[in-house]
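Annotated features in TrEMBL:
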{"type": "DOMAIN", "residues": "32-227", "note": "domain 'Neurotransmitter-gated ion-channel ligand-binding'"}
{"type": "DOMAIN", "residues": "235-321", "note": "domain 'Neurotransmitter-gated ion-channel transmembrane'"}
{"type": "SIGNAL", "residues": "1-16", "note": "signal peptide"}
{"type": "TRANSMEM", "residues": "228-247", "note": "transmembrane segment"}
{"type": "TRANSMEM", "residues": "259-280", "note": "transmembrane segment"}
{"type": "TRANSMEM", "residues": "292-311", "note": "transmembrane segment"}
{"type": "TRANSMEM", "residues": "369-391", "note": "transmembrane segment"}
Amino acid sequence: MIVFIIWFSTVSFSLCQNSSDFKALKKELFFTKEYDKDSKPVQDYESTIYVNVELTLNSLITLDEVQQRLTTIGYLNISWHDEFLTWNRQQYGDLDYIYLPQSEIWKPDITLQDSYTGMKELGSDLILATIKHDGRVNWTPFQVFNSYCPVSMTFFPFDRQTCEFVFGAWSMRLKDVSLLIKNVSGIALERSIKENTIWTVVSTSASTAQYHEESLVIFSITLQRKPLYVMLNMVLPLVLLSILNLFTFAIPADSGERMGYTVTVWLSFGVFLTIIGQSLPESSESISFMDIFIVMQLFQSTLVVLLSAILSRFCARNGQTFISSCLLKRIVTYKRGTSVNTSSEIQYDEKETQIYITWKEYVSTIDFCSFWCLLSICILSITALSFYTVYKAEYTLSGK
């Protein structure tokens, strides 16, 4: 008996809400009452329409650092009250809500103000708006958002970017349409955007603003780059190239391959500088520390090429030369493995002596000094730059 009552009630309810009720309601609204989609949907034309806006992002497609463009897929949940789209449910088979194309009703001309591709209407005719019997309208336009996002690559690849979506009623003044935030916690995120392979969503926020006589809602999203890919494909090869640059001095100066080796390493740094330069925005306000590191290594590699050319010239000389530097004398003594023969020393004055060595031994001594000197500089520069970049990035992004 209970099952029969439930079945009968369901059938009766479905029969009451048939297509004829919808047709009669639509005729009443659009023909009898002559609903005008171009007219402000309030009885008092001086009153303000309050529009609630919520942004939901389904996926993050890409953040183009060069063009400074953020491409995302999502939709807006927009709701307002239309005083001319109301009806008595009992007169239309207890019809609670209806669906209508967005082109048939009044809607606020909300646009993405910082759009990268220009201003255009949200949604399409395929999207239906939900109208409740009390005049509550809910419109959810689905969209591919291309928004302008200024990026700062100073701490690349440990950078964090904050992008904004600025929506506003373009042609309607603040006293006509006031935009409100529906979700005060920020942007609603789907699971797919949280599992992005390049970026991690750190936080979102939402706020309202007023620009002249225009009402705005601003949604912000903060993204943290996942640095593993850049570390393996850019940073690690640069460090290895820096090490290869140092071992130029391990190749004999009189070897014909030494100059070709040094020039090849120099060209490799130039190629890396070009590749990284193409992946970063052309900006003089924020220079990446990676760019600074490559330029430093390119400058060092240039010095290595010049020094190798000079030492190759020295190595071709015959005869002997003398050294008076205490450091070089100690190095020569160490490399010979025994004390310098005192018979080869010439008394320069009471405090200094001069050691005569061959030009090849002289070049070998300069190579030894250059190797350890540049190795120390390379280790210190890489360590200092790495720690400074990570520390400064965390310090800056923490808001201190």
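Cβ atoms here come from the backbone N, Cα and C positions, even for glycine.
Automated prediction, rather than curation, is the source of TrEMBL annotations.
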**Complete:** Beyond a gap of at least 6 residues from its ends, the CB atoms lying under 8 Å from the transmembrane segment (369-391) belong to 155, 158, 239, 242-243, 245-247, 249-250, 289, 292-293, 296, 300, 304, 307, 327-328, 331
**Request:** For the domain 'Neurotransmitter-gated ion-channel transmembrane' (235-321), jot down how many residues DSSP puts in helix, in strand and in coil.
**Result:** 65 helix, 2 strand, 20 coil
**Model confidence over the domain 'Neurotransmitter-gated ion-channel ligand-binding' (32-227) (mean pLDDT, whole number)** = 88
